Amino acid sequence: MLLCSVSPGHFYWLEPEHAFHPLQPYDMSRIALAFLQGSFAYAGWNFLNYVTEELIDPYRNLPRAIFISIPLVTFVYVCANIAYVTAISPQELMASNAVAVTFGEKLLGVMSLIMPISVALSTFGGLNGSLFTSSRLFFAGAREGHLPRLLAMIHVNRCTPIPALLFTCISTLLMLCTSDIYTLINYVGFINYLFYGVSVAGQIVLRIKEPDIHRPIKVSLAWPVIFLIFWTFLLIFSLYSEPVVCGRGLAIMLSGVPVYLFGVYWENKPKSFNSFIVKLNHLEQKLFMVVYPSEGSER
């Protein structure tokens, strides 16, 4: 792709006087928002952490997979974007609904059909990875008692967390209530990075308060500190540039507090309520053919 656009000498928009010419006045809030939306393309960098139970020898293979995949994907994405910039002007980029398709139409001629097919395959690949990992979040949360126990069940034959997958599907459909993809990206990006920052900060706190805990995978504290500096810049300026969108995202996140208080913190629930939950679990177990992992292993 990069050779198709650069080899004929099409690098007008890569020249410094054109590449750094702003279409709009420089604004730190816009730069932060651009980082937030651009980072959405790299959102799979942490997916492997969710499925360590699925990995063979995770303490060895997890760092290896991260060290190989992140530089490789970054290289491919950067090359693809350089190719787009060399072939398409900034005005065309902003006007295009599918940049890769526009790129193919300009350079590939009759073979331009390759681009939408490639985009579709890439989308399905990303969706597959997202479903595979996101459902494990609900599965692990239910196993720890933070979500209904039904979500911690797996299929009796395939060992697939079907209830967690269905819950992921319902959550995804609810996100489609908005028709503006950029608003959705801002919602998801802001909340994701908020939790990423809290998780990384927790790692630093634990490293200081519990220095002697056994850590099979350990990195220098310089990396989480660098991440937190970038994270602070990103969230503060994103909140400044899109206060309504970020505020709605925070409201959606905080809506989980009463659910937590009712479902987890309140332990002495009425017997009638507990009986109803047990009957509901039995019904859904029969419907989906699922059991708790410990029960499945005993069989």
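Heads up, the Cβ atoms here are built off N, Cα and C, so glycines get one too.
What you see is a predicted model, and the numbers here were worked out from it, not measured in a lab.
Quick look at what TrEMBL lists:
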type     : residues : note
TRANSMEM : 31-52    : transmembrane segment
TRANSMEM : 64-87    : transmembrane segment
TRANSMEM : 107-127  : transmembrane segment
TRANSMEM : 190-208  : transmembrane segment
TRANSMEM : 220-241  : transmembrane segment
TRANSMEM : 247-266  : transmembrane segment
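Taking every listed stretch (64-87, 107-127, 190-208, 220-241, 247-266) in turn, the largest tally of C-beta pairs under 8 A with the transmembrane segment (31-52) is reached by 220-241. Take the transmembrane segment (220-241) and the stretches 64-87, 107-127, 190-208, 247-266: counting Cβ pairs under 8 Å, 190-208 has the most. When Cβ-Cβ distances below 8 Å are used as the criterion, the transmembrane segment (190-208) is approached by residues 36, 39, 43, 46, 221, 224-225, 227-228, 231-232, 234-235, 238-239, 242, 245-246, 249-250, 252-253 of the same chain, each at least six residues removed from its ends.
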